[in-house]
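K.L.:
My structure is below; once you've seen it, I'll send some questions.
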Amino acid sequence: MQRWFYSTNHKDIGTLYFIFGAWAGMVGTSLSMLIRAELGQPGSLIGDEQVYNVIVTAHAFIMIFFMVMPILIGGFGNWLVPIMLGAPDMAFPRLNNLSFWMLPPSLTLLLASSMVESGAGTGWTVYPPLSSAIAHAGPSVDLAIFSLHLAGVSSILGAVNFITTIINMRPQSMSIDRMPLFVWAVGITAVLLLLSLPVLAGAITMLLTDRNLNTSFFDPAGGGDPILYQHLFWFFGHPEVYILILPGFGMVSHIISQESGKKEAFGTLGMIYAMLAIGILGFVVWAHHMFTVGMDVDTRAYFTAATMIIAIPTGIKIFSWIGTLHGTRLTMTPSMLWALGFVFLFTVGGLTGVVLSNSSIDIVLHDTYYVVAHFHYVLSMGAVFAIMAGFVHWFPLMTGLSMNQFLLKVHFFIMFLGVNLTFFPQHFLGLAGMPRRYADYPDTYASWNVISSLGSVMSMIATLMFIFCIWEAMIAKRINIFSLNLSSSVEWNHPHPPADHSYEEITMISTF
């Protein structure tokens, strides 16, 4: 009890984040299955469009704030950053504990918002006037706002902790450009969180006062403007999607360089600059989510151009990963499969992103399933594949146990087929004009929706199989005798699992 509730150990807190993220991920997956069941055939299954929208909203919030962020930043970040830096722990261990323990109440508030009155059926963007007191009477949206506040404070505190750790707790000889790529990725992610979340907090606080205190920030009747909310929200929302993917970039860099038998990734400095560029550019492209609100043509031209420029540093990363793989004998280990799947599918998602960055095309494709397909390719096959890659790669280090390699490979192929079958047809639906966030659709769209829903069942089966893989590893207790690879990074020089206090004295790194 003492160990888990009052923990100040970065490994224990990281493990808590993993367990919480896995639990939330199962809730989020269940919600996505409800969505695909509703859309599996024309006509109504749930029977109430408000309930459908509540499910969609909760699915998005849970997957983003309670699955991807806790696992990538909280789980892998806590576990690996101090060990990779040679630091005894995080800079603020008790703050670290507080950051975690704000998430369960936050999730509770979000689930409560779905269960009172008619729920928050606003979509994850929570746009007014739909989220106003008139269209959404009752406490649902207010509870969702408080949930976001808590999750946001948790992330900001975590970000401060990571930034301080990375700046202050490096060994003397580790200059900033020699830090491991994953540490860089988490550091940039933390800066993005620190700069973007306060803007979201401001926006939803104004929405809260609009709903309850009779202000009119977003109500035209009182001189407000709903477009202001969209600008504030997307100024957070766009950096947020890079927050979700950057730690994945860092992990994939480590996995590919290690599994390729290279001592470092190709173009390490270029990789760092690319991540920095993505982080900076992520803040100046937010209005590409709003091409349909009636902006000037020159504004749209700027946001189109700026969005396309992000493709350049992203391309640098893709080609550097391919460069790292060059000349190696590819060993198809499970972690390598996930990393290769990540690179390929993230590239596909990035290409549809370049399509959508054209404002003229986006006006037609906005709010269709093409957009859904695009961001699920980069999230459901980018962030999630990175999580899976990192998990199967570092599981032996974190637990000291090895998983069944054959089962993991089978799981990868089922999952790969499942997610592609789910989301690839949605490109066609979007091009055919099927809009997002509707519980029903004309019969014309039936065939691709049936295939999409079949794919979601496959992914669900794959998820169950992965839970079995973890159970099997825990039960079989195949203890690691030695590492499968030569260590590409300092964390593999530790015992499996590492000691409670990884570094008893200050480390000295002479050379890499």
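Numbering starts at 1 and runs along the chain as displayed.
Including glycine, each Cβ sits where the backbone N, Cα and C put it.
Straight from Swiss-Prot, here's the annotation block:
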BINDING   Glu38, Gly43  Ca(2+) binding site
BINDING   His59, His376  Fe(II)-heme a binding site
BINDING   His238, His288, His289  Cu cation binding site
BINDING   Tyr242  O2 binding site
BINDING   His366, Asp367  Mg(2+) binding site
BINDING   His374  heme a3 binding site
TRANSMEM  15-35  transmembrane segment
TRANSMEM  54-74  transmembrane segment
TRANSMEM  100-120  transmembrane segment
TRANSMEM  143-163  transmembrane segment
TRANSMEM  181-201  transmembrane segment
TRANSMEM  232-252  transmembrane segment
TRANSMEM  266-286  transmembrane segment
TRANSMEM  303-323  transmembrane segment
TRANSMEM  336-356  transmembrane segment
TRANSMEM  378-398  transmembrane segment
TRANSMEM  412-432  transmembrane segment
TRANSMEM  450-470  transmembrane segment
K.L.:
Same-chain Cβ contacts of the transmembrane segment (181-201) under 8 Å, 6 or more residues past its ends?
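P.N.:
Same-chain contacts beyond the ends: 73, 76-77, 80-81, 84-85, 148-149, 152, 155-156, 158-160, 162-163, 166, 232-233, 235-237, 239-240, 242-243, 246-247, 249-251, 253-254, 265, 268, 271-272, 275-276, 278-279, 282-283.
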K.L.:
Any residues 6+ beyond the ends of the transmembrane segment (303-323) with a Cβ under 8 Å from its own?
P.N.:
249, 252-253, 256, 265-267, 270-271, 273-275, 277-278, 281-282, 284-285, 287-288, 291, 295, 339, 343, 346-347, 350, 353-354, 357-359
K.L.:
Quick check for the class: what is the C-alpha distance, in angstrom and rounded, between Glu38 (Ca(2+) binding site) and His376 (Fe(II)-heme a binding site)?
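P.N.:
Distance between the two Cα atoms comes out at 18 Å.
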K.L.:
Within 10 Å of the Cβ of Gly43 (Ca(2+) binding site), how many other Cβ atoms can you find? Include all protein chains, please.
P.N.:
12
K.L.:
Pick from Glu38, Asp367: which of these binding-site residues has the biggest number of other Cβ atoms within 10 Å of its Cβ?
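P.N.:
The residue with the densest Cβ neighbourhood is Glu38.
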K.L.:
Out of 15-35, 100-120, 336-356, 378-398, 450-470, which stretch touches the transmembrane segment (412-432) the most, going by CB pairs under 8 Å?
P.N.:
450-470
K.L.:
Kindly say whether the transmembrane segment (54-74) and the transmembrane segment (450-470) touch, using the definition of 3 or more Cβ pairs under 8 Å where each pair is 6 or more positions apart.
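P.N.:
The transmembrane segment (450-470) and the transmembrane segment (54-74): touching, no.
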K.L.:
Can you find at least 3 Cβ pairs under 8 Å between the transmembrane segment (232-252) and the transmembrane segment (378-398), where each pair is 6 or more residues apart in sequence?
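P.N.:
Counting Cβ pairs under 8 Å, at least 3, so yes.
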